[in-house]
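Participant: So TrEMBL lists these for the protein:
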DOMAIN    72-754  domain 'Myosin motor'
BINDING   Gly166, Glu167, Ser168, Gly169, Ser170, Gly171, Lys172, Thr173  ATP binding site
REGION    634-656  region 'Actin-binding'
COILED    966-1000  coiled coil
DOMAIN    1059-1338  domain 'Dilute'
Amino acid sequence: MGIAPYNATVSYSSFSVWIPDSDAVWVSAQIIQDYKPGHKELLLQLCDRNEVRYPVSSSSDLPPLGNPDILEGENDLTALSFLHEPAVLHNLRVRFLDYSSIYTYCGIVLVAINPYEQLPIYGEEVIDAYSGQDMNDMEPHIFSVAENAYRTMGREERNQSIIISGESGSGKTVSAKFTMRFFAVVGGSAQQTSVEEKVLASNPIMESIGNAKTTRNDNSSRFGKYIEIGFGRKGDIIRANMRTYLLEKSRVVFQASAERNYHIFYQLCASRDLPEMRGLKLDAPEHFRYTNQGGEMQIPGTDDMSDLELTRNSLTVLGVQPVQQMELFRILSAVLHLGNVNIEASGRSSDRSYADDRSLAIFSKLLGVEGSQMAHWLCHRRLTVGGEKLVKPMNGQQAVEARDALAKHIYGQLFTWTVHRLNSALRSQRGETRSFIGVLDIYGFETFECNSFEQFCINYANEKLQQQFNRHVFHLEQEEYVREELPWSRIEFSDNQECINLIEGQMGMFDLLDEECRMPKGSDENWARKLYDQHLSSKPHPHFRKPRLSNSAFIVLHFADTVQYECEGFLDKNRDTVFEELINILKASQSELVSELFQQHGNMATVANGSVRSGKRATREHKLTVGFQFRQSLQMLMDTLNSTTPHYVRCIKPNDLKEPFIFDPKRTVQQLRACGVLETIRISAAGYPSRWTYEEFFSRYRVLLRGRQSPDNARGSCTHILPELIPDPDQYCFGKTKVFFRSGQVAFLERLRAEKLRVAAVIIQSHVRGWLCRIRYTRIQWAVVTLQRYSRGMLARRLARTLRYTKAALVIQKTYRMVSVRQLFLMIRQATITIQAFTRARAVSSLPPLVNKNTDYQSLQVRGWMERRSYRRVRTTVVFMQCCVRRKAARKQLLKLKTEARSVEKYRQLNKGMEVKLMQLQIRADQQVIKSFHLNHIIILYVLWFSVDITLTYSGAKKNAVSQAVAAFQTELDEERRKYQGLLREFTRLEQRYDNLKEMPFLNEALKRTYCLVCCAPSDIRVDVACSLPPGLPAKVLFLCVRHADVSGDQARAQSLCAAAVTAMKTALKKYTKDVEMSALWLKNAWLLHDLLLKHSHKQVHCVYTFVCSPSLGHTYTASQVMMMMMIFSPLLYLQLALLPFSSLSVQALLESETIPGLSAGKLAVSRKRSGSDPRPMGGDAPTMASVLRELGALHAALTHQAVPQTLLEQAFHQLINMMCACALNSVLLRKDLCCWSRGLQIGYNVSLLEEWIRNRNLQAGGAVAPMEPLIQAAKLLQVGKKSDGDARAIVETCTALSSQQIVKILTLYTPHSDLDEKVSVNFIRTIQVLSIIIIKNNQEMFPVSF
């Protein structure tokens, strides 16, 4: 357990060790001076920097070594390199306080620490995440144990048992409840049975009549129960059966301080004002002797009245009728009134008693018995002496004891009847049970200040369970060695058979107790003396002792602790005395239930009334003692457990204050010793606790191998190198598939590996630094040459610029001079022309006037010719433009007419779908009118504009030509109007033809046949036939049927038609659950039917509760009723798409598909399989992203083939992608092997492929990309730095789509896969933690569906 055996090659300086502490049990310290053999003390430094000297007399006194940091917070205690008590305690503390993880594996045992707080880790999304997963891949959870049992049962066809034990208040009942809830969800029957619901409904009933508040627990189970859940051939729940053990009946009549009676009594008192409860004559619990002794009337945070309502609802689910429920409540109320019966002493020496008051009358009335007889026999007893029967009065104390015994017996019989009734309701006649899973919720080891008969029986049961547990763990360990063909010697483990023999063996404590109970005057003191004589004087027993200061107590050395029991009350509780006369009165009750309870009494134990009995009678009564019955039922339980494969859950109570997330190391260590966890560690440590497959060992420690090694020969490499690394061959052993190490050897190998990697890192650093220096020199050289080149270039450019400037100056001078001379020349020329103009003007003015008129006329003719030519050009352009427009329209019309002429569907639509044709003609006519109107309007405006322009510009002679053009345009407009009138006449003719066809009788028959086809047989249509139909045909036919029924005035027929259609669609979807094309087909038709109804309504229906009368659908039909059906039906279509077969495989592909070549994202090597765990079967094709994208492509093609609108397509893929990403994120939050750098890179790449696929098909507008953001951020979180405060701030700012608790969960699970990486420190996690407790993303979220 310590440093020994000593290894001379290792320096133990800076090693961490554990030393004992009075408060914390164990504290960590660091060795600051290396240890050598012969040293008498160790120099240690504590966490608070104080130095201490730890005395060491020999190597066996060395303190236990601490585990490497890489193993801190390990989810399996057996994976620790050093297996000892401080390592287990520290690992549980770290996981519970720092990681908020309440579950931890310890080999085959699940350790569950009660958080005393509601955690969101038990929803259906968590059940979905654990269902079908391997136990070794997921984080520890109660669902993981349940899933392992369920899978083992189905694979091996062998019965399973889940044994849940622990102290009162440790969470056993809650664990059992969640286990049964898991089975009810995953074992849900396809035949819609109610067995699953009944199994869950039994929990509130048993809690109300079997649980009570104690000083340690507000909802403590005061009985043990074993529930067998039977499964059929398909894995669905067939039946269930419950067996109970040792109900604490003494609590009915007595409660210690700060405790309560059973919950049902307080629930009845809280509901006393209900009308049906007034006849029970109940009052506040403070007024009843059986409920006010503990002083606690209310449990904080609970509502007794609502709890009773839940109990009543559960009884109804289990088939208990309200009348029988009231009978049950009457009996319980009678028990309360019986406790208030006053029994007073009478007679001279108080040797008599009597009972006659109001409470007794109420008790007798509620149970339907004679009050006088009950009062008489409560105070008297019948003796048989010498064949004569005598009636003897009892004193007051004896009468009170008889009253309390009757109350306990009534409650015990009622409890037994309730269990039998539950078992009857949980049986099913649907088929034969193939196998079962049993859930054992039984009391853990108990020790109080005063321990009595109940604690003795409970601790005896725990001794038996611990023996079975030890032998099972030992058997699994040896089985592993045999399977690997290891040479092994028998592992010794502490067998508690001697203690069990002390209790149940011949002349053991139970035998002596039963023998004393048979004695007429047996007493607790006599029994104590017999114990001392048998186990101290004659044959001293190593597990039995006598207290020094008491003669009425004894001490038993149990496997978990030493317990002192007080003998007082043992005989009475073992006899469980109740007088026969009182039983006979109850048998004669007028109440059927009361009579039924005690008719079963028969030959059961009647009374120990002091009479002299024969040996035969004594033997029969011996067999009926409580101790004997408990031993029998316990032996039956052990036989059942031994015939099943057990799974263990050990519940731990972290503190006695019931405060959330407070860890008391003393209480925890005490429970770890009591529940067998440390014994499991000890058995594992005695053999080879660390075991690796050869591939895992080679992958992890290949750096220690010399030369070039191939992974194909991993076993040969391991067998070759290990003798060189570990000289002692007893410290390791080679198996068939694994290599086994003794405790501490893995830590030694880790240290050698770290040293080898450190040396390699130094060499790599030297080479990298040299390379960096060479790169720096090359860059400087390149920079200098570049500077020189740029300098020379700059000088050359400067010289060239000077030469250009000189040349430019010469050009400027030349140009300036040229401009000056040119300006002078132009000025002289202008002056000359001016002089010539004036001279010629003077000469012309002297000519005659006739010459001037001829000149003006010629000028006018030229201008007129030019304007006419311009006008002709404009007119030609306008005419050409009109011709082009008309030619284009004519070609379109001709092409359309040719297409319609070739289409057979055209005539079919004319005959069967006249309304569609009329609508098309109306729309086309409107378009033609609007088109002609706009065209003519544009032409008229253009002509008017042109005419005005001509009028303003040219002379009045040209206005006639413009008028002629306007007349031509007006003629064309009239032609268009005539065409429009023709279209209107055609529309009227077709409308009249439709009215004629509507009255033909054969159409009614066709619609009837269509009704039968669409509404009665969609599930019988083959997939290929259905997919070959035109898209939306069923919806169109159904719409026409609805139209016909509505026009006929048959509103009931129209409504039944729609209801039948929706029912038929649901049936078809259920039949073709995994068919992509059928899902797409009915999604399209549901949308189209909804769209047709909405389009032909008077107005859109925005509220499903607003009834709209549509003129186009007639006057009697309400379209909103059909649309309400479609709105209810549409989410089922989206859920159908989300549950397609590839949706679950896509999650595995997103997380595990290695699509990046050369990137290995395998599991961490130190995460080894536990003993007896179910290895994942090898073989089979794992889903890849390529296959998932192909399946998505097939779905997209099916939806596109059905002409599903883009918005509906986007909604469907939004829902599907959300489900995939939510499940993938849940797996990341629950699987440690996924939380590493390489896997984060792989997940990010896979998600990017999915995102690219979505964007290539333009589906991102519907929000299909948004659900990927949390998964993308989770992948980034695995890749970013996680050390400094800056990294923490960056993570919080970047991961906005993740809650803080999700971030903390991922950081907690983060596992380094190489020494270049390291685990996230607790301080870093604490900087990110906040109060939010939302950890699991809901993968059941359904987005709003809109058509």
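In case you wondered, yes, glycine gets a Cβ from its N, Cα and C as well.
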Participant: In the predicted model, what is the mean pLDDT computed over the domain 'Myosin motor' (72-754)?
Facilitator: 84
Participant: Near the region 'Actin-binding' (634-656), which same-chain residues lie under 8 Å Cβ to Cβ, leaving out any that are not at least 6 residues past its ends?
Facilitator: 92, 96, 106, 108-114, 116, 142, 145, 148-149, 152, 156, 158-167, 169-172, 175, 216, 226, 243, 245, 438, 440, 444, 460-461, 464, 468-469, 472, 662-664, 667-668, 671-672, 675-677
Participant: Counting every protein chain present, what is the number of Cβ atoms, excluding its own, within 10 Å of the Cβ of Gly169 (ATP binding site)?
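Facilitator: Total other Cβ atoms inside 10 Å, all chains included: 22.
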Participant: Count the residues of the region 'Actin-binding' (634-656) that DSSP assigns to helix (H, G, I), to strand (E, B) and to coil, and report the three numbers in that order.
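Facilitator: Grouping H, G, I as helix and E, B as strand yields 9 helix, 8 strand, 6 coil.
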Participant: Using a 10 Å radius around each Cβ and counting other Cβ atoms from all shown chains, which of the binding-site residues Ser168, Thr173 yields the largest count?
Facilitator: Thr173
Participant: Give the sequence-ordered list of residues that share a chain with Glu167 (ATP binding site), lie 6 or more positions from it, and have CB atoms under 8 Å from its CB.
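Facilitator: In sequence order, Arg216, Gly444, Phe445, Glu446, Cys651, Lys653, Gln671, Ala674 meet the Cβ cut-off.
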Participant: List the other residues in this chain whose Cβ sits within 8 Å of the Cβ centroid of the ATP site residues Gly166, Glu167, Ser168, Gly169, Ser170, Gly171, Lys172, Thr173, in sequence order.
Facilitator: Asn114, Asn217, Ser220, Gly444, Cys651, Lys653
Participant: Can you name the residues of this chain that are 6 or more positions from Gly171 (ATP binding site) yet have a C-beta less than 8 Å from its C-beta?
Facilitator: Ala112, Asn114, Cys651, Lys653
